[in-house]
Amino acid sequence: MAAQRVAEDVAKGTKQTSRVRVAVRLRPYMHKQDQKGEGACVRRLDTETLEIINWRNATETLQYQFDVFHGEETTQQEVFLSSVKPILPHLLKGQNASVLAYGPTGAGKTHTMLGSQEQPGVIPRAVRGVFNLVKAKEREDEGWDYSIGMSYLEIYNEKVLDLLSPSAQDLPIREDKDRNILIPGLTHTPLSSFSNFHSHFIPASLNRTTASTKLNQRSSRSHAILLIKVVRTQRNPPHRQQTGKLYLVDLAGSEDNRRTGNQGIRLKESGAINLSLFTLSKVVDSLNAGGGGRVPYRDSKLTRLLQDSLGGSSHSVMITNIAPEYTYYFDTFTALNFAAKSKQIVNKPFVRETVTVPSVQVKRSRKEQEAGLSGEPQKKKLKDVKKTDQEEPTQLHSPTDPSVLNRLIALEKLLMGTPVKERLNMHREIQELKEKQKEFESKAKVLKVTGNGATRNSSDSGSSGDSPLFRTYLPPLHRKQSTAAKPQKQQAVVPPLQVSQLQPLQQCPVVKKPSVCLKKKQKNLEQSEVPEGKENVKDTGWESHLDKSVLDQSRHKILQVLNSGSLKDLKGLQQIGDKKAKLILGWREIQGCFTQLEDLTKIEGITAKRLSSFIKANILSMMGT
């Protein structure tokens, strides 16, 4: 089964956008906060507009207009109904929604989000609203199942902490291929009812970090994020599944340490809070600037988690809390400017839906099945098959014996170590042999072309084409094919020389000791002149020098280690490392014991050539010990 991500704009053919809605809530005026009796610096004009005194000119005011303005007399119920409740139905459609409480410390953010037992805040009312929507949908949609779960975390001093599991350490933040933000290890608790949520949420809220300052007796020292996840699953095929997430964010307030009197650990907490809020402001500025530039989400843990809420795919509401006293004037002025900028952000929600698609089984060819059974990648197997198919018809056939190559190499060796006069004679002999070889090759090509033509003519006429003119009874000479990366010079191939011609050359005295250059040239000639199909002649010759009983006994010892040896014993064998030793153990557990050493070729990465080298190295090692 496969999963597919279905976006709403693809389904409907249009691209949906949603602007961030901004609501401003004014805290009631407190006389104890205004010791000078200066009065309020903020005043409500209507349900959307407010004005604040211009600090540059006290005779002027600055006006701000938002989606909603909640005055001092606004209740918790009114804030929820006008700002939060309209975005909850999106969760049941597989879309995300976010509610953020922003503002300076002491402006009433936590009261707006949590409230009290008599006046519950946004969080308990929103969770109760989600349960009510799910119950209503379950009665309407009989073919769908719904599940609700929660996660609760805080960002304290740039560390992500799980409030449902206080023992957890700093959690990482990850992003999947669809750019969804994930937190591995974060506790996810299923919820069956609102009372079940209440029993988990209240103890977790007490785990949140708070402290007392001069401006607030119980000040939040961290950003708290509550995640409510709603999953809607279709009972019948194709078993569609839609996932909606609700982020309820209670941000810590920006602080002026001169007024809060923070010192020590409080000062460090205040610095982390202000830094994350400053990064949040940079994110908003970057989103409003447009132009496809970099948005600094990764500069802070807070902005990384709010990546979906601001500029992402969420229906977002920001409730900006402000205080009316002159003591909070600059904090209020800054908060209103931030709210005005946030109002311009546009998100692009989409439906997060997965559809199970039955997997189609493709019938594979016999070569592909064999490649799969052998444990090697199919692409590599097919590539090797194609390569051999292309190389086979390009092999050259020459009416000569491959053994003449050895004679030619012997001539080259003797040539370098003979006196000048004899060397000239040998040069002359080699030139004659090369010219004679060229004549043989040209005749062979003519015969081959003529033979192919005669074969075609004979097949057309129905004759068998047995004319001896187009036959050659000489064995083919296999050569290595030249490559474009490293072309090889074609060596002369001569007929077998008579013994009478070889005797004078073998009796030639060696005057000089071969130099280092001669050794290198000799090594290159040996490597380049070995015909195909005879690469292992040198490796297999060593067995003829050993007694058959000793050879069989050594092979038996190696086989015994392969069948009964531990991982350490297997790694003790020559050319067997940790990886191949583990592969041998796994093969032995599944297939059983090895019946012969040649069964090692069934292990991935062990070819016939490597097996020959392995056997030689281990037998020689055993004989040496």
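Using N, Cα and C of the backbone, Cβ positions are placed for all residues, glycine too.
Your range for region 'Disordered', going by TrEMBL and the list 198-220, 451-473, is 451-473. Of all the binding-site residues listed (GLY103, PRO104, GLY106, GLY108), GLY103 sits in the most crowded Cβ setting, with the most other Cβ atoms within 10 Å. Around ALA107 (ATP binding site), taking its Cβ as the centre, 27 other Cβ atoms fall within 10 Å, counting all chains. The average pLDDT the prediction assigns to the coiled coil (423-450) is 72. Residue environment of THR110 (ATP binding site) contains 24 other Cβ atoms, counted within 10 Å of its Cβ in all protein chains.
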